[in-house]
Ligand code: HEM
């Protein structure tokens, strides 16, 4: 190290860059080959606390508005925690004579230097509200560090324009930071082992950080005039994923010049699927903020999660990074589950998508909100009702996302036969009925399973990497100019 100072600033910079890159590549390689340390998994909280990542992210977002240094401070806390006694959150402990704790915060490397403890406290109290006793302080530091580095990269990008005005030393240190962040980000993308290859809940963190906020705002606005919109949007995601995978194919309109026959004409969608104008509004707002970045397939996936959350249901980290398909699949759209299917056919249709009985019971729980035309119901329409007359799917709490739907099933009060068969079918007693009873007794259990099953459904054959495209308009494939 002493000889480094004799080198010219440019050589010094390039040497440091190489060393940093090597250290990161070596450590990256170690993780990539060996997988995880026994017992650690990136899907660890997927069932027990699916909103973990969103909560940590939200608190850091808020904190950095008032203190831009927070992401850097949080990364350092994780580093100092892991280097003293392993990554066990020991750095966060205060002095406590009664428990024999002498705080690491007093060590020279931390004293009057380590900072961000109040942000960690805020994260912890938000997590304790959402899922008491589940998420460890050590994991909070680890996740906060990963989320913080994505925020830092955005800052670096913002400041790139000013790089040429910096002194050689400052430029060197900035370049080092960029190199480190790119490698760490890369590593982070690989570390998402719980998700389908190519999908990651931080996919747009750098390229379009306002994605979730924009989708949420448009849905919020839409539901002021149409309370049914959240229900209609989640159904779009379901019908998209069950026909040709979650590729946004449902959104395509007829287009003879591109050979597109719209899935919107299939029996399960025709005069039934709705909310397309809201998807258009979301897409338009996203194209304004970050042109050509967010796919229509991801808009549907994220809109589904936000819709559930807005209606009082659970929230979860949504794996993102799907790309849009360039064709439709009428055959599979024609074969969507029907309200007149018996239980074994519904089970088969779900099994074909990699979804089991728990997924079937949990996902049908989405009928806790929204409407159905009376023509689809068990009782059918009364003499005075037009066949398009709407009936609430949940007769007790029609617009709220809760577990009352399952109590309705226990009382034989589900409007759709395809719901009621999960209790009444001869096969139900040994398959779906016990799960219905479980969810009717325990809303938390239902919410946890619903989030997990939604992630599974969202993983049906996504297009990733270089497949498909990012449509400019969700109703049309992009025109190719050769
Ligand atoms: C098991 C297979 C399913 C069948 C047979 C089925 C059938 C139906 C039918 C017939 C309607 C009424 C449509 C209309 O009147 O136009 C409906 C509405 C709805 N479905 Fe399903 N569904 C199933 C699964 C699902 C799943 C997995 C989800 C979401 C995860 C879902 C979410 C909804 C919602 C929220 C509505 C209300 C939509 C609105 O008000 O616009 N359904 N479903």
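Every residue gets a Cβ built from N, Cα and C, even glycine.
Annotated Ca(2+) 2-binding residues in TrEMBL are 394, 397, 402, and among 368, 372, 377, 430 the one listed with them is 368. Local packing around the disulfide-bonded residues 208, 241, 290, 474 was summarised as the count of other Cβ atoms within 10 Å of each Cβ; on this measure the leading residue is 241. Here the C-alpha separation of residue 402 (Ca(2+) 2 binding site) and residue 296 (disulfide bond) works out to 28 Å.
When the recorded positions 239, 241, 246, 337, 368 are ranked by how far their Cα is from the Cα of residue 296 (disulfide bond), 246 comes first. Sequence-distant contacts of residue 239 (active site, proton acceptor), defined as residues of its own chain at least six apart whose C-beta falls under 8 angstroms from its C-beta, comprise 250, 263, 268, 269, 273, 333, 336. Secondary structure at residue 246 (disulfide bond), taken from DSSP and collapsed to helix, strand or coil, is coil. For residue 246 (disulfide bond), the nearest of the recorded positions 290, 337, 394 in terms of C-alpha separation is 337.
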